[in-house]
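Engineer: One structure, as structure tokens, below. Some questions next.
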Amino acid sequence: EAECAYTLFVVAIFWLTEALPLAVSALLPAFMFPLFGIMESKEVASAYFKDFHLLLMGVICLATSIEKWNFHKRVALRMVMLVGVNPAWLTLGFMVSCSFLSMWLSNTSAAAMVMPIVEAVAQQITTADAEADMLEMSYSNGSTNLALELDGECENSDWTEKGKQVNGYDNDMSSTVCTIEKENEKEKEQVFYILTKQNLPPAETGRKSREDKYSGIFKVMCLCIAYSATIGGLTTITGTSTNLIFAEHFNTRYPDCKCINFGSWFILSIPITVVILVLSWVWLQWLFLGFDFKSMFKCGKKKTAREEASAKVIQEEYKKLGPMSYPEIVTLILFILMTLLWFTREPGFIPGWSSLFPKYKGYATDSTTALVIGLLFFIIPAKTLSRTSNGESTAYGYTPLITWKEFQSCMPWEIAILVGGGFALADGCEVSKLSAWVASKLTPLGSLPLWLIILISCLIVTSVTEVASNPATITIFLPILSPLAEAIHVNPLFILIPATLCTSFAFLLPVANPANAIVFSYGHLTVMDMVKAGLGINIIGVAVVMLGIMTWIVPIFDLYTYPSWAPI
């Protein structure tokens, strides 16, 4: 037990400090266990590649195709176009689209995909503001005839040129104003009055407050991407590496329990994700912009210059994508097929497709589906046969939807080895009886109320994950929390589910997870902005998880009953 505890301690220190790359530290048990006489080398080696790795490979095939053919951009832009360009709704649109992508791709990929679109919108807002500033300055400098001044501005070629090709996007702000003027003199004055009142405070005193407001909007947009990429990943077993590690650890430790699969996890986590997402949106709005319900839900309100600019850049970006290409359509079909096969394998309330193989119950898992669909990405060609005018098919070089080289560039090998190291440690803890020793020491905790035990484990995990990587944190804590649940005679899911969800709550620091780092690199945020916002979302997250585990998750797994599949 002591030798295994020493190995665990050394690996945990290396993971927490990241003195060595995470994957390199994960290889330490491969030579320490045989040298200490805990496990044979071939036994340790077999722990490094499990069902989890096959599932990961299948999912990465899908993610590679989505990224290669720009399907993610179409999804993100379409979702944002649906919600409109009011800053609050625009932010919610970005959050929903980023969360949706994060369910199927890694959190890092989702943030990296959506962030350039957010940056383009932010740049366009700045441009619209600069043009509105020019209008305001010309007005405040004593123009007695507003109509003449504006007509002059419109005819001035310099002014029209300034509205074009800023940061690579057309900005039609000036031409819009001109068109309105020419239609009706009175209407034009009203439009300019609205622009001045709503968007442009008096020249000298207002510019600073407007800059502060825009700065707040940029901060909210950036933070909403960082946080929604993480929150969306909670929803599916494949959405984040911590969920996958939990599922593999749980199914290995409790092989008789068939309760954790894609469908059951989705049902328990979707309400948690939706509630955290909405509350996070409200919190970020209130923190940086103030929450004005009246202006948000006011119907028929004229769009401000900023909103016009946002709508324009999103529409321009969507037009650039053109119609859906053949590879995008195939990727969408395979994506839907993979999701349907995951949901219908063992839905619980009706027999799934796995019941078609009664002799081989439990043989097919989620990784079977992922691999079958993943294989198709390497077989289906990326081009269709085109026919010439005389009806003959033109030959072309066969290229599949994704190549092995593209798959390798997307495959997170570091996570794969890190998870393998975690499984090796878990096996070592079992073989050396360290788990049993830890369980015996934790038994006195059984005198505490159950909700307090769950809350303490959630808070500890949430604190550690801010300074350590999420996969390393969950890998360290799962072998400790499982024996704890068994020792106090509580359904292990009661403690493991909230701890797994809380491991993803790395919201405080730019270095806490890669999605935060990507967003921080754009330069709109300070560390204190992230700490201030992240603290609130951490509290929201833990509170919602506690609410879920004590209410609607209980009947799903019959949590108040100690199960037959757990050791006594």
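Start at 1 and count along the chain as shown; that gives each residue its number.
Backbone N, Cα and C define each Cβ position, glycine as well.
Heads up, TrEMBL stuff is auto-annotated, nobody curated it.
Feature list, courtesy of TrEMBL:
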type	residues	note
TRANSMEM	6-36	transmembrane segment
TRANSMEM	48-66	transmembrane segment
TRANSMEM	86-105	transmembrane segment
TRANSMEM	217-245	transmembrane segment
TRANSMEM	265-288	transmembrane segment
TRANSMEM	325-343	transmembrane segment
TRANSMEM	363-380	transmembrane segment
TRANSMEM	450-481	transmembrane segment
TRANSMEM	493-512	transmembrane segment
TRANSMEM	533-557	transmembrane segment
Engineer: Is the count of Cβ pairs under 8 Å between the transmembrane segment (493-512) and the transmembrane segment (217-245), pairs 6 or more apart in sequence, 3 or more?
Structural biologist: yes
Engineer: The transmembrane segment (6-36): which same-chain residues, six or more beyond its ends, come within Cβ distance under 8 Å?
Structural biologist: 44-45, 48, 413-414, 417-422, 424-425, 428-429, 434, 464, 467-469, 471-472, 475-476
Engineer: Relative to the transmembrane segment (217-245), which of 86-105, 265-288, 533-557 accounts for the most Cβ pairs at distances under 8 Å?
Structural biologist: 86-105
Engineer: Under 8 Å, at least 3 Cβ pairs, sequence separation 6 or more: does that hold for the transmembrane segment (265-288) versus the transmembrane segment (48-66)?
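Structural biologist: When sequence-distant Cβ pairs are counted, the transmembrane segment (48-66) does not touch the transmembrane segment (265-288), since fewer than 3 lie under 8 Å.
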Engineer: Where, among 86-105, 325-343, 363-380, do we find the most CB pairs under 8 A to the transmembrane segment (48-66)?
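Structural biologist: Comparing 86-105, 325-343, 363-380: 363-380 has the most Cβ pairs near the transmembrane segment (48-66).
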Engineer: Residue list, the transmembrane segment (86-105) vs rest of chain: Cβ under 8 Å, 6 or more residues beyond ends.
Structural biologist: 59, 62-63, 66-67, 72, 75-80, 111, 113-114, 117-118, 121, 217, 220-221, 224-225, 227-233, 235-236, 238-240, 273, 277, 280-281, 284-285, 289, 291, 295-296, 306-307, 310, 335
